[in-house]
Amino acid sequence: MVSRNGGKSSETCNSIPLSEEENGTLELIDTPSNQRRPAGWRSVSFILANETCGRLASYGLMANFMVYMQREYHMHPVEAATILNGWNGASNLTPVIGAYVSDAFIGKFWTIVLGSFSIILGMVIVTLTALLPPLRPPPCTNEELQHGQCTPYNNAQLGVLIVAIFWLSIGNGGIKPCSLPFGVDQFDLTTEEGRKQNNSFYNLYYTIQMVVLVITQTAVVYIQNDISWALGLGIPTLCSIAAVALFFVGARLYVYIKPEGSVFTGVAQVFVAAYRKRRLHLPIVGVDGQFYDPPLRRSLLRAGELHLTTQYR
């Protein structure tokens, strides 16, 4: 809040009554995070195991999926690229929805769980297309391939593939926005040790992603191209199932932060407040208390408070 009265702004701010939530005295209401201290690496290890297996599943499928559609479904490269681009686009859009659902309704844990089961369902369907001949066009001989006479896919076979992609996109929407923040929740950021562990967690998280990417681009692609599509798709499917199992193993150790509402609501409030105060004038430069800056409520203190400053750092 900006005061019009310059030197009296400090008095104005001090006279505004603060709620229990604003002055930091409000405790969280009987949530598991009140009852359990962050376990740090003990709980994060299960989250990283889940992330490793989950990434192995998604990267292992996406790395060679266009080749799979061209070879097994006899698709034109343009058609295969269109489907793959649609999948990539949906996978980048659904995390916005997943983040909203997590923040406003069910929390990070259950959003990850629902996303993981969606990925399992999608992976199982894709694997079945490689195992069951009726779910894909018949194989194409070399002569048919040379003359462009391969039997095309029908609408039902394409529909099964699209359904699998749909569930995979939904799963990515649940896991991508929540996995990393849920891991951060497991560290006590109010201590120096917790902050150091959190920094190490970020490094390890992205290192694992790069290692998994290398494995899927080499070993998994080799199995799919030179051994068997069923085996090459079955391995990522088993990894997705193992990811869920490992995630549930650590359920007793996790810290669960209660959903506090969508971030979009706060963003909208900033725009509304800025519009309403567009005609206000700043008080005299250097006067203390020109901005209303109450203490953060207890549930936000873990992330650290950014105080008002006249510097860029």
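Backbone N, Cα and C atoms are what each Cβ position is placed from, and that goes for glycine too.
These numbers come from a predicted model, not from an experiment.
If you look up TrEMBL, you'll see 109-132 (among others) marked as transmembrane segment. The list of residues near the transmembrane segment (109-132) in space but at least 6 beyond its ends in sequence, with Cβ under 8 angstroms from a Cβ of it, reads 50, 54, 57-58, 61, 68, 72, 98, 101-102, 157, 160-161, 163-168, 170-175, 177-179, 182, 228-230, 233-234, 236-237, 240-241, 243-244, 247-248, 251, 254, 256.
Under the heading transmembrane segment, TrEMBL lists 152-170 (among others).
Listed as Cβ neighbours of the transmembrane segment (204-223) (distance under 8 Å, sequence separation of 6 or more from its ends, same chain) are residues 48, 51-52, 55-56, 59-60, 63-64, 180, 183, 231-232, 235-236. According to TrEMBL, the transmembrane segment annotation covers 204-223 (among others).
As annotated by TrEMBL, transmembrane segment applies to 229-249 (among others). Same-chain neighbours of the transmembrane segment (229-249): 46-47, 49-54, 56-58, 60-61, 64, 68, 72, 112-113, 116-117, 119-120, 123-124, 126-127, 130-131, 216, 220-221, 223, counting only residues six or more beyond its ends whose CB sits under 8 Å from a CB of the stretch.
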